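For reference, the structure discussed in these notes is given below.
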Amino acid sequence: MVSAGGQTVRTVLGDVAPGDLGVCDAHDHLFLTSPQLPGQELDSVDSAAAELAAFRAAGGRSVVQWTPHGMGRRAAELPGLARTSGIRIVAATGLHQAVHYAPEALTGLRAEGLEAVFVRELTRGIGDSGVRAGLIKVAGGFHGLDAHARWTMTAAAGAHRATGAPIAVHLELGTGALDVLDLLCGELEVPPGKVILGHLNRDPDFEVHREAASAGAWLAFDGPSRAHHTTDWRMPDAVRALAEAGHGDRLLLGGDTTTAAARSVNGGPGMPHLLRRVRPRLVRAVGEELVDRMVTANAGRAFAVAWAG
Ligand SMILES: [Zn+2]
């Protein structure tokens, strides 16, 4: 179904109107493998199905998976999971920090041309799965951008120009938001409304949050309840500060489950935690209307694209 403006969200079962996303976890993972997370891989189809069922039971209707190229996305499994769970799934292309890859994999991508890989995965499909990505995920560094980040963001900007796809950015411990905007939107001229900054909750600098929102970027508060992060309790105040400054329309929420132990079906918070505990806590801070908008209309707008390819 195509919306009136011709903008759609590219799910693994096809393009849908932004309003069809329903309650959306705007940043999460069904599958994820990295040499940085040995023994914690998200690679079980059964576990992914169980987590999706738990998310749906909690009221969830769509999940945006930010797992980029080469990190075990299992793209071919996503349509089946979407059908059985009744959850809309959006897949990603893009590239994470260099530490998540074998050096030879990066050499191969350089030879092939990273932008071309991103465009192919957005328009033709991931591998031979036929499943198209709906966003481009890249990553910054801790308070800065190294050569790898500049390479991937330059390719992402090119793929955005070719397709219209949004660019979702992992900010390392929530830092570097303004450096990312300077590069993507300043040098590379990506419209700020096509940039989604992730992990703002991990660096609760309200001034930086306001500056990024004023620039017109999306701010994703994602990955609550991670035992190795201590900023959960600042998140409601950060969201309230942005809402009071008039930036409620730029805010997104995500669960960002990155390890098997963090899944609800393994005893962790997982995807349902977002709706079960984070949502009511945020409602107390900013009211039900805004929180509902964050998880529905905002997500629809953030991932909506007038696809050029
Ligand atoms: Zn993530």
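Heads up, residue numbers simply count up from 1 along the chain you see.
A Cβ is built for glycine as well, from the same backbone N, Cα and C atoms used for every other residue.
Look at TrEMBL and you will find His27, His29, Lys137, Asp256 tagged as Zn(2+) 1 binding site. Long-range Cβ neighbours of His29 (Zn(2+) 1 binding site) (same chain, at least 6 residues apart, Cβ-Cβ under 8 Å): Leu42, Gln65, Trp66, Thr67, Asp256, Thr257, Thr258.
According to its DSSP assignment, His170 (Zn(2+) 2 binding site) is in a strand. Annotation for His170 (Zn(2+) 2 binding site): spatial neighbours Trp66, His96, Gln97, Lys137, Val138, Ala139, Gly140, Gly198, His199, criterion Cβ-Cβ under 8 Å with sequence separation of six or more. The Zn(2+) 2 binding site annotation in TrEMBL covers Lys137, His170, His199.
As annotated by TrEMBL, N6-carboxylysine applies to Lys137. Cβ neighbour count for Lys137 (Zn(2+) 1 binding site): 29 (other Cβ atoms within 10 Å of its Cβ, all protein chains included).
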Annotated binding-site residues Lys137, His199, Asp256, filtered by Cβ under 6 Å to ligand 1: Asp256
Message: Within its own chain, what residues at least 6 apart in sequence put their Cβ under 8 Å from the Cβ of His27 (Zn(2+) 1 binding site), listed in sequence order?
response: Val64, Trp66, Ala168, Gly198, Ala220, Asp222, Gly223, Leu252, Gly254, Gly255, Asp256
